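The following features are taken from TrEMBL:
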- A:12-33: transmembrane segment (TRANSMEM)
- A:69-94: transmembrane segment (TRANSMEM)
- A:70-260: domain 'ABC transmembrane type-1' (DOMAIN)
- A:106-129: transmembrane segment (TRANSMEM)
- A:141-161: transmembrane segment (TRANSMEM)
- A:182-207: transmembrane segment (TRANSMEM)
- A:238-259: transmembrane segment (TRANSMEM)
Amino acid sequence: MARAVSTNRKIGFTVAAWVVALLIFFPILYTIITSFKSETEAIAGFSLIPSGTLESYAEVQAQSNYFKFFLNSVIIAVGSTILALVVAVPAAWSMAFSPTKRTKDILMWMLSTKMMPAVAVLVPIYLIFRDTNLLDTRIGLTVMLMLINLPIVVWMLYTYFREIPGEILEAARMDGATLWGEIVYVLTPMAVPGIASTMLLNIILAWNEAFWTIRLTTTNAAPLTAFIASFSSPQGLFWAKLSAASTLAIAPILIMGWFSQRQLVRGLTFGAVK
Amino acid sequence: MATRQTTTLARFMMAPSVILLFIWMIVPLAMTLWFSFLNYNLLNPANVSFAGLFNYKFFYTDPAFFQSIWNTLVLVLGVLLITVIGGIALALLLDQPMFGQGIVRILVISPFFVMPPVAALVWKNMIMHPGYGVFADIAKFFGAQPVDWFAQYPLFSIIIIVAWQWLPFATLILLTALQSLDGEQKEAAEMDGAGFVSRFIYLTIPHISRAVTVVILIQTIFLLGVYAEILVTTNGGPGYASTNLPFLIYRTALLGYDVGGASAGGIIAVILANIVAFFLMRAVGKNLDK
């Protein structure tokens, strides 16, 4: 008897959860569906069944060279992440394995730089970029996003590295491992998962950053965030084209995001919730 | 001697991060502070003079200033209210036994990965558009007059969009906290005859209170800076009805070319953010000691 009741409850929870989940996911789903409609179809009233045409995708590419913006997004997001890792890995490493009295203060200070509102430094950054000819360049934006996300990268790496037990190093040393051997054979394999998760989350954050990417670019270095924002003053029918551009812009990051749910919690709460 | 060597090496390894972040923090902020005391207009860059506190006074007496502060607060509090209450409810639901839990989870967290311009434009055009949006379709189906959301309720519409983006974040973090609740404790409470409500009040709430604090503080930091969602939907309007502080600063700086005024606004934004940051740092710092 008790089992039957609990199965009923489970079915009830299942129905409730699926309804809520589909409602939340609906705007994304509807965007994907609309991207496979023609423009006249898209405004012809509510319909969940598209004709399956790919003309919107073709038009977005033909009219605005969509691929250029996509490539800019990839270069800026991946480039800033790699740069940040190069700088952050040694820092997080030393803080995790040879902490001093000041390690905690340095970490807290790094976190505090993340609290600075972007608009507060919009004017000086804009002027610096203008005077050094960095406006609308990929390199300028890459460095910018690297600096913005550096505190999160250091923090995330630190929380991962801290979980590598120090005793394992002692054991390796007892077995006669050299410093090089320690790093290559013992530490690196244990650190790689943490570095990979950090990388994943940081690419997501950089890909979706929508203040500096919009304000510091015009055409040449504009990533997808800036391209999509340009749809806010549209000419003519554009529902299906907006949907196609949006679907392509969010698909890669959505899939990456699904794989990094856990890391997201950890990274965005600075290790406060695991 | 080995220790001194390691310390030197550790410093050397930390140096690039520390130096970069130090420059990134100090230089632009110092420039903003300096500009905030100047008469400096980008249209007339040759004519820069010292203004004292004039920019602050100007910003302070501008009627748009108080409206933008008010809008900032309404936006932050509105989104927090929706996401925290909705997040707790959703996390409790997702924590129950069900079929296809993994897929449900993926569907629920997805909006968080949608870039702000896409989220805002999809809501503006496909959901809330008074002619072709889904809401309008629903209204027409029931024979009601469709609502022109962004003209009639601009700030509320933006709150809805931003809340949609952040609800997954709150849910995911609260769910993670819920799942670390000891199952035995729950069972013991159940055996002692505690109902759902009393279990929720005496067991669940205390357990997730820290996660709730973290959600509120982190979201506040990001919500104080909402920008792209406003840019692509209402552009701050009608009038100043949906202009928040970041948007007002952007308008002053890049549309009004007023470097001094925008910088004064920037300093005010820094002060606001610092008040929140102070509490966040304490919450995170406590965790470091453990």
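Residue 1 is the first one shown; counting continues down the chain.
Quick reminder: no glycine exception, Cβ is built from N, Cα and C everywhere.
Packing against the transmembrane segment (A:141-161) from elsewhere in the chain are residues 75-77, 79-81, 83-85, 87-89, 91-93, 95-97, 107, 110-111, 113-114, 118, 125, 191, 193-195, 197-198, 201-202, 205-206, 209, 212-213, 216-217, 221, 223, 263, 266-268, 270-271: each is 6 or more residues past its ends and has a CB under 8 Å from a CB in it. Counting Cβ pairs closer than 8 Å to the transmembrane segment (A:69-94), the top stretch among A:12-33, A:106-129, A:182-207, A:238-259 is A:182-207. If one looks beyond the transmembrane segment (A:182-207) by at least 6 residues along the same chain, the residues whose Cβ comes under 8 Å of a Cβ in the stretch are 73, 76-78, 80-81, 84-85, 89, 93, 145, 149, 152-153, 156-157, 160-161, 163-164, 168-169, 172-173, 223-224, 252-253, 256-257, 259-260, 262-264, 266-268. Long-range contacts of the transmembrane segment (A:106-129) within the same chain: residues 95, 135, 140, 144, 148, 150-152, 154-155, 158, 211-212, 215-216, 270, each at least 6 residues beyond the stretch ends and with a Cβ under 8 Å from a Cβ of the stretch. Residues 48-50, 243, 246-247, 250, 254 of the same chain lie 6+ residues outside the transmembrane segment (A:12-33) yet bring a C-beta within less than 8 angstroms of a C-beta in it.
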